[in-house]
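Data block below; observations after.
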Amino acid sequence: MIRLGVPSKGRLMEKTFEWFGKRGVTLSRTGSDREYAGHVEGADIALVLLSAGEIPRELALGHIHLGVTGSDLVREKLTRWATRVETVTQMGFGHADLILAVPKVWIDVDTLDDLDAVAAQFRANHGHRLRIATKYHRLVREFLREHGVADYRIVDSQGATEGTVLNHTAEMIADITSTGETLRANHLKVLDDGLIHASQATLFRSRAASWSKSQTETFDALADRLRNG
Amino acid sequence: MITAEDRARAADLLAAFVAAGATRVETELLQPAGTLLDLYGEDIRARAFTTQDPLAGEAMLRPDFTVPVVQAHMSGGADPARYCYMGEVFRRQEIDEGRPREYLQVGYEVFDRADPAATDAEVFDLLHRALAPWDPIPALGDLGLLIAAVDGLTTSDKRRAALRRHIWRPVRFRRLMERFAGQTTTPAKRAALLARLATEDAAALIDAAGPAVGLRDGEEIAARLAALAEDVTTPPLSRTEAEVIDALLGMETPLSHALSPIRDLAVDLPGLDVAADRLEARAEALDRRGHAPHTLPFAPARGRSAMEYYDGFTFTLSARGRPDLPALATGGRYDALTAVLGQGRSIPAVGGVIRPGLLGGLT
């Protein structure tokens with residue numbers, strides 16, 4: 001039996017159930033809506049319902065063999081993610097882009113080149129580094145290091161990130177956006193080259209979990225069905 | 001793990017530094033995070049362990065000694081001064097799990113205004129002699145040449161300052177050079193903005209773009225727009241001058257063979273001459289201490305992407321036959337750091353550290 005971790009609520013859960021169902025694997029919750037237990041028909045698999053944010057860690061620890069979560073969460077939460085999990089397949093839903101956004105009124109800023117120049121100007125004027133509110137600390141830091149942007153500072157924001165600029169707790173944000181409406185409502189715009197990661201729901205395989213011969217066979221048979229679905 | 005043998009070896013190295021005339025100093029293991037973040041930027045978070053103190057705020061486990069030693073010196077050290085120290089440093093390892101998270105450093109730092117070439121040679125020689133039983137491979141650099149070249153470019157102050165700011169970030173430096181040399185095209189959106197600025201009022205354009213949100217205000221945006229408009233009229237860097245920078249970045253040669261081509265480059269970029277004089281004086285000082293320049297591999301840009309921001313002489317001493325290991329010793333000159341931490345005062349400074357933990361496995 002292999003253990004499959006799936007988001008425990010919301011649209012991500014519904015879409016995941018639907019996606020597996022289309023491929024002949026029926027996932028269902030057992031008991032009441034509040035009980036985080038599940039059931040799989042049609043394969044020797046145990047369903048483990050978890051918060052999407054916990055799935056990367058559970059995969060890395062090998063507590064689950066397979067897991068469905070956003071590719072952004074895996075990249076943010078796991079160092080050297082590709083050595084710890086393997087992408088089985090992208091699932092084609094849960095699309096969300098992690099982007100850098102600045103106030104629309106910054107008409108002098110369209111690109112990372114501009115951002116870097118403005119960060120220097122801001123630090124000289126204000127005596128502190130330009131603050132970027134985000135919960136994606138690692139992804140933002142690595143992206144900006146790769147592009148040689150300096151003189152910024154990350155401030156943690158676990159929710160309502162778009163509002164931080166209005167509240168003067170940050171100068172700009174890095175956040176997930178699927179439609180851009182919240183950005184517009186908060187008078188923000190996306191940098192032209194500010195796409196940090198295009199995330200979607202992805203089925204990952206743990207490299208740390210123990211894989212017996214029968215578990216590997218179960219996985220191989222399942223993977224064929226899922227990829228060809 | 002730090003072994004008892006590592007500590008014994010570190011103690012021997014420290015004794016040699018004391019014998020060379022250095023005063024032993026201690027620094028705190030918990031360093032205020034603010035200072036390190038201001039110096040190194042957000043990248044330091046990937047490399048240092050951050051912890052929280054309920055009263056003092058964010059702290060970092062000492063990622064290196066240079067900053068606290070400089071701070072201690074700048075707040076009332078003797079002038080000149082020589083310090084040595086030994087202790088743990090802590091580094092987060094996000095890329096290579098095999099690398100140690102804590103290890104010992106034994107270091108020697110000189111704060112001396114008198115003769116930079118001589119003190120450069122003194123530090124290199126002392127560390128080289130300490131590692132002589134392991135017959136290390138030396139490698140030298142000099143970021144002062146690159147800085148002097150940038151300062152000597154025939155262009156606007158703003159462009160020179162932008163390049164200076166990114167000396168230690170090769171990717172951004174390259175992009176700036178390409179842009180300033182006119183090798184990139186202006187994005188259509190930017191061209192349109194610049195065209196409008198030529199005929200319309202900047203403040204009106206800013207007002208029309210949306211409500212003013214955040215700390216960065218209209219005046220700052222207008223100031224940057226003015227800078228952009230001015231930059232458009234700045235002529236591109238001359239090919240010759242850009243080639244001097246490229247030549248410095250690409251140069252790799254024994255130290256004995258570096259001076260002549262650099263003097264040639266200085267014909268095209270006269271600002272280089274002073275830095276070339278320093279290089280020459282240092283080569284002579286090293287020679288006087290028994291390090292013949294033809295035995296010393298030299299690349300001006302060496303040490304450029306190291307965490308420490310060296311702004312002059314740099315060096316490494318590496319294990320022979322073990323390219324897999326980090327350098328056994330690293331060091332360099334960091335005059336600018338003393339100004340940053342000195343609250344208005346500064347003093348020329350050079351130093352280096354040895355990692356005794358790497359020596360155990362070597363024969």
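Just so you know, glycine gets a Cβ as well, placed from its N, Cα and C.
Lifted from TrEMBL, the feature list:
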BINDING   B:D64, B:F65, B:T66, B:R91, B:Q105, B:E109, B:R302, B:Y309, B:Y310  L-histidine binding site
DOMAIN    B:10-230  domain 'Class II Histidinyl-tRNA synthetase (HisRS)-like catalytic core'
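Location within the structure of each feature annotated in TrEMBL.
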residue	record	CB count, 10 Å
B:D64	L-histidine binding site	21
B:T66	L-histidine binding site	27
B:Q105	L-histidine binding site	23
B:R302	L-histidine binding site	21
B:Y310	L-histidine binding site	28
Among B:D64, B:F65, B:T66, B:R91, B:Q105, B:E109, B:R302, B:Y309, B:Y310, the record's L-histidine binders - longest CA distance, Å: 22
Averaged pLDDT score, the domain 'Class II Histidinyl-tRNA synthetase (HisRS)-like catalytic core' (B:10-230): 94
